[in-house]
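Peer 1: Next up is a structure, given as structure tokens.
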Amino acid sequence: MAASIGKKLLSMIPLALIVSIILFGLINLLPGNAAMAILGDSGNLEQIEQLEAELGLDQPVYIQYINWLKGVCTGDLGTSILTGQPVIDRIAERMPVTFELIVLSVVFAAAVGVPLGIICAVRRNRASDYILSSVSIIGVAMPAFWVGMLLIMLFSIKLHWLPASGYTPFFENPVENLRSMALPVFATGIALAATIVRQTRSAVLDVLGQDYMMTAKSKGVRYRTQLWRHALKNALIPVITAISMQIAGMIGGSVVIETVFLLPGMGKSMVDAIFQRDYPIVMGEALVIAVFIILLNTLVDVIYIFVDPRISRSGKKGR
């Protein structure tokens, strides 16, 4: 098992390198460059060329990439064109907000979706199954920004229970932090919760129909034991897959939620940087998000091994 986990972790390195090359290439395809953004409309051609030489932008793209990669390896992601702030400091300020939003949304979605999915499975073709399945379809179909605006209208404007916008750091005031994150977390997590309900229902029903479950039933194993000890564990893998696939989309969707609720996260920061042509910020934050997604997928593979060790053994047999 340790060898399998080690290989999963090592595979991240070439993948992260490939992603960095693609990101750097895409950034260089964007119109303009850092020199043009710094000088703006007031700069003439001679000034632009002089600044490009100072910034190393007159060198071939592959040389620029190597120099940038050397900086990344030493923790230097460059500095903001507009503010002069180190990119790594900007990321350190914004990343905790987005990270908290995603983690709390996933925890909320799993805490709601898995139990409701099990209820749908064990009460198949009953009223509760039909109701929960219908509600989950609606939940998947609702756009997060629309849910967010409805929540603001109800809980902030009408009832005055929760703040409509803003962010309070957790270590500054834990209670206010949770209050400020409640609506964004619900708006972000509702679609994932609905997806988990449907995936859990399908996975549990599939496992309950397997031959070994029928054998356990014929041997007199209690239904609750069948469900919790055997069915749920084997049903977790497709559920974990569904969650991991949705999280990548949630990171992209966090841009909208952070804009609606005015959260100072990485998504909103990167969009602002794109419009301001602050390319070092765009490149640094895009790289961090990409590496986070790679880490997430690797973590999911490791979780698979712990949930079902047969995955590790099957990999060895394949070799």
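Cβ atoms are placed via backbone N, Cα and C, with glycine included.
Residues or ranges marked as transmembrane segment in TrEMBL: 12-30, 101-122, 134-157, 177-197, 235-261, 281-307. Here TrEMBL flags 95-300 as domain 'ABC transmembrane type-1'.
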Peer 1: So which of 12-30, 101-122, 177-197, 235-261, 281-307 has the most C-beta pairs under 8 Å when paired with the transmembrane segment (134-157)?
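Peer 2: Answer, by Cβ pair count: 177-197.
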Peer 1: Among the recorded stretches 12-30, 101-122, 281-307, which has the greatest number of Cβ pairs closer than 8 Å to the transmembrane segment (177-197)?
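Peer 2: Stretch with maximum Cβ contacts: 101-122.
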Peer 1: Where else in the chain does the transmembrane segment (101-122) make close Cβ contacts, counting only residues six or more beyond its ends and a cut-off under 8 Å?
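Peer 2: Same-chain contacts beyond the ends: 128-129, 132-133, 136, 181, 184-186, 188-190, 192-201, 203-205, 208, 227, 232, 239, 243, 247, 250-251, 254, 257-258, 263, 265.
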